[in-house]
Amino acid sequence: MLPFWIALQFLGSLPIRLPGMPRPAELGRSLLFYPLVGVVFGTLLLGFNALLSGAPLLLHAALLLSAWVLLSGGLHLDGLADSADAWLGGFGDRERTLNIMKDPRSGPIAVVTLVVVLLLKFAAIVALIESHNSIGLLLAPLIGRSAMLALFLGTPYVRSGGLGQALADHLPRSLGRKVLLVSTVACVVLAGWSGIAALLVCAVCFYWLRHMMMRRLGGSTGDTAGALLELLELAVVLTLALL
């Protein structure tokens, strides 16, 4: 179960302590557990949502969104911010885009992107609470983290060395495809037609975002993977809120 704990530690802010330095093979296998980490986070969000039952609507949604951000420690939002800055400031140039992603400072585009994404997510959460459609709180983390697995399965990793390269190089690809299939079936079982709609919208978004990564970078980075997760989570809650 070490790969699961690696995934839970890497993707979240829960107090997980590993027994030692993971081997590269264990890092690669941790990707197989990304969808399960999504289920864990989604279950925690569902529990917190139940605890907030009866709270004023806007406060309920704000606290739920705050918990959602805190669960991941803002890791993926950081990737989204870096990607937004790099995409605009890179002017279509691969090396310039990659260099901007390394810059820890956030520019105006990063700030605007984060505000827009969080505002839309907040509005969607309000709509889901009003319609008593809490399944989106489980589907969004599951689909978002499954998409990260899919990205590593089908997209080159462009930064040599480091954790991302170890994940990409040691991912058991055959098992990864089976995990994605199970995750897809789970979404349909959990949410029925709503799950199918969310999957279809996310498939289109995934294809478009991956196409942008391939055209600009020739692959993906940790930042673009985080951006993908955040945008697909948003796509899920918006889709369910609009149904």
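Every residue gets a Cβ built from N, Cα and C, even glycine.
Quantities reported herein were computed from a predicted structural model and do not represent experimental measurements.
If you look up Swiss-Prot, you'll see 31-51 (among others) marked as transmembrane segment. Distant neighbours of the transmembrane segment (31-51): 3-4, 6-8, 11-12, 60, 63-64, 67-68, 71-72, 129, 134, 137-146, 148-149, 152, 167, 171-172, 175-176, 179-180, 182-183, 186; these residues of the same chain sit at least 6 beyond its ends, with a Cβ under 8 Å from one of its Cβ atoms.
Outside the transmembrane segment (55-75), and at least 6 residues removed from its termini, the chain residues within Cβ reach (under 8 Å) are 11-14, 41, 44-45, 48-49, 118, 121-122, 125-126, 129-130, 137, 226. Among the features that Swiss-Prot reports, transmembrane segment is placed at 55-75 (among others), with the record citing sequence analysis.
Look at Swiss-Prot and you will find 109-129 (among others) tagged as transmembrane segment, backed by sequence analysis. Residues 49, 57-58, 60-62, 64-65, 68-69, 77, 80-82, 84-85, 88-89, 136-137, 230-231, 233-234, 237-238, 240-242 of the same chain lie 6+ residues outside the transmembrane segment (109-129) yet bring a C-beta within less than 8 angstroms of a C-beta in it.
Among the features that Swiss-Prot reports, transmembrane segment is placed at 135-155 (among others). If you look at the transmembrane segment (135-155), the same-chain residues 6 or more away from its ends with a CB under 8 A from one of its CBs are 11, 31-32, 34-35, 37-39, 41-43, 45-46, 49, 64, 76, 124, 128, 167-168, 171, 173, 176-177, 179-180, 183-184, 186-187, 190-191, 194-195, 198-199, 202, 206, 210, 213-214, 219-220, 225, 228-230, 232-233, 236-237, 240-241.
Under the heading transmembrane segment, Swiss-Prot lists 188-208 (among others), citing sequence analysis as support. Tertiary neighbourhood of the transmembrane segment (188-208): same-chain residues 133, 135-136, 138-139, 143, 147, 150-151, 228, 231-232, 235-236, 239-240, 243, selected by CB-CB distance under 8 Å and a gap of 6+ residues from either end.
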